[in-house]
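The feature Zn(2+) binding site is assigned by Swiss-Prot to Cys39, Cys42, Cys57, Cys60. Positions annotated as zinc finger by Swiss-Prot: 39-60.
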Amino acid sequence: MFSHTKKVGPTGRFGPRYGLKIRVRVRDVEIKAKKKYKCPVCGFPKLKRASTSIWVCGKCGAKIAGGAYTPETGAGKAVMKAIRRIVERKEE
């Protein structure tokens with residue numbers, strides 16, 4: 001049985017239950033979690049979610065702790081940006 005369509009994606013399994021807003025949020029989160037990301041160690045797009053906040057590269061085998069549904073959180077990006085600025089200022 002085919003459980004989803006182009007519009008609703010993986011949340012097609014819920015049918016008309018739970019309301020549209022909740023299903024849209026769940027769809028976005030599930031798509032982000034299932035997506036393959038670029039590995040920060042080897043650079044290949046093989047980083048896959050193993051469990052909550054644990055990401056494993058299929059090529060080099062690196063295990064990385066990240067966000068629950070994406071390998072990099074918004075707060076983590078902001079911190080890395082601030083660190084880069086500090087390093088650049090010290091180099092000048």
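Glycine residues also receive a Cβ, built from the backbone N, Cα and C atoms like all the rest.
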Please give the average pLDDT for the zinc finger (39-60) in this predicted model.
94
List the other residues in this chain whose Cβ sits within 8 Å of the Cβ centroid of the Zn(2+) site residues Cys39, Cys42, Cys57, Cys60, in sequence order.
Pro40, Val41, Gly43, Phe44, Lys46, Leu47, Gly58, Lys59, Gly61, Ala62
DSSP secondary structure for Cys57 (Zn(2+) binding site), reduced to helix/strand/coil, please.
strand
Look up Cys39 (Zn(2+) binding site) in the DSSP assignment and reduce it to helix, strand or coil.
coil
